[in-house]
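This report concerns only the one structure given below.
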Amino acid sequence: MSKNKLSKGQQRRVNANHQRRLKTSAEKADYDDNLFGEPAEGIVISRLGMHADVESADGEVHRCNIRRTIRSLVTGDRVVWRPGKAAAEGVNVKGIVEAVHERTSVLTRPDFYDGVKPIAANIDQIVIVSAILPELSLNIIDRYLVGCETLQVEPLIVLNKIDLLDDEGMDFVNEQMDIYRNIGYRVLMVSSHTQDGLKPLEEALTGRISIFAGQSGVGKSSLLNALLGLQNEILTNDVSNVSGLGQHTTTAARLYHFPHGGDVIDSPGVREFGLWHLEPEQITQGFVEFHDYLGHCKYRDCKHDADPGCAIREAVENGAIAETRFENYHRILESMAQVKTRKNFSDTDD
């Protein structure tokens, strides 16, 4: 997930792919303006290949074609669209998307072939869902937080399945979550099974477009089903009794409306995303508690590891930075280096 500009080589590949698509359809006439009504505002609730489902101001959903001049269209985009004139006469004629408004945010994921690929737009917050089962992974939480900081979208940490905790377990988990509360992150404890804690979560979702992110098996779909109501049920699979891991079942990204207000964009593509396309400096900036210490290390090229005079390591030793966060920072950097060894994401011929 990133707001970084593509490298020259990546941009060349994107442009080349775009030109090939244009060449294929060069001899096809674009849609006749006389077939469509007056322009109107709408929001893309799903992108389906060469078409998009657009919701109009009155809440109706219209299947639309997309002008060839529109190079990128994803769920959450605010658009100008026009209905097919024959639609008013009861004939099923697609509308057309004419233009896309400027995005306030773009969620992307790294792609080995096209650089970074946009998958959702205009997101206000990312709900990071974790759970005590199959495993409470602070490393996964930290990875998502780095993504949120890079995108500059507000995160909300939600710990699901608290009904499985006894008092001692709850104390331990609260101690772990205090690591995040103490550096300014919001944390909610909920149970999609008993619906404990759902009211504060509903309030946090109201008036915003959110996405739910997290590893498989933490109960994202069950939580969304509880929040959306059965009429909008998102498919889900129970966690495997053998592996303890869940399975993804939704496909294309789609925007849903919460009954209490607010929206969610859901799909496997927005639930899990990588960081390997980011630079190490971006990972460092993604740890908010590091900011006060950056620039104060003894050496300008400090790697914040075993370097002498490292201000961040000293803060860890003094208890000002949580040791688990510091360890996860280096785990993320190490995993990025391993992936980039297998696939060099950045171009070397520029």
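Just so it is clear, glycine is given a Cβ too, placed from its N, Cα and C backbone atoms.
Positions annotated as GTP binding site by Swiss-Prot: N160, K161, I162, D163, G214, Q215, S216, G217, V218, G219, K220, S221, S222.
Positions annotated as Zn(2+) binding site by Swiss-Prot: C297, C302, H304, C310. Taking a C-beta cut-off of under 8 Å and a sequence gap of six or more, C297 (Zn(2+) binding site) has these contacts in its own chain: H304, D307, G309, C310, A311, I312.
Per Swiss-Prot, compositional bias 'Polar residues' is recorded for 1-17.
The domain 'CP-type G' feature in Swiss-Prot is assigned to 104-273.
The region 'Disordered' feature in Swiss-Prot is assigned to 1-27.
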Review point. Per the record, GTP is bound by N160, K161, I162, D163, G214, Q215, S216, G217, V218, G219, K220, S221, S222: how many Å separate the farthest pair of Cα atoms?
Key: 19
Check your understanding: Taking the Cβ of N160 (GTP binding site) as the centre, how many other Cβ atoms fall within a 10 Å radius?
Key -> 25
Review point. Can you list, in sequence order, the residues of the same chain other than C297, C302, H304, C310 whose CB lies within 8 Å of the CB centroid of the Zn(2+) site?
Key: K298, Y299, K303, D305, D307, G309, A311, I312, R313
Study note, to complete from the structure: All chains considered, the count of other Cβ atoms within 10 Å of the Cβ of I162 (GTP binding site) is 21
Check your understanding: So what's the mean pLDDT when you look at the domain 'CP-type G' (104-273)?
Key -> 84
Revision key, fill the gap. N160 (GTP binding site) falls, by three-state DSSP, under strand
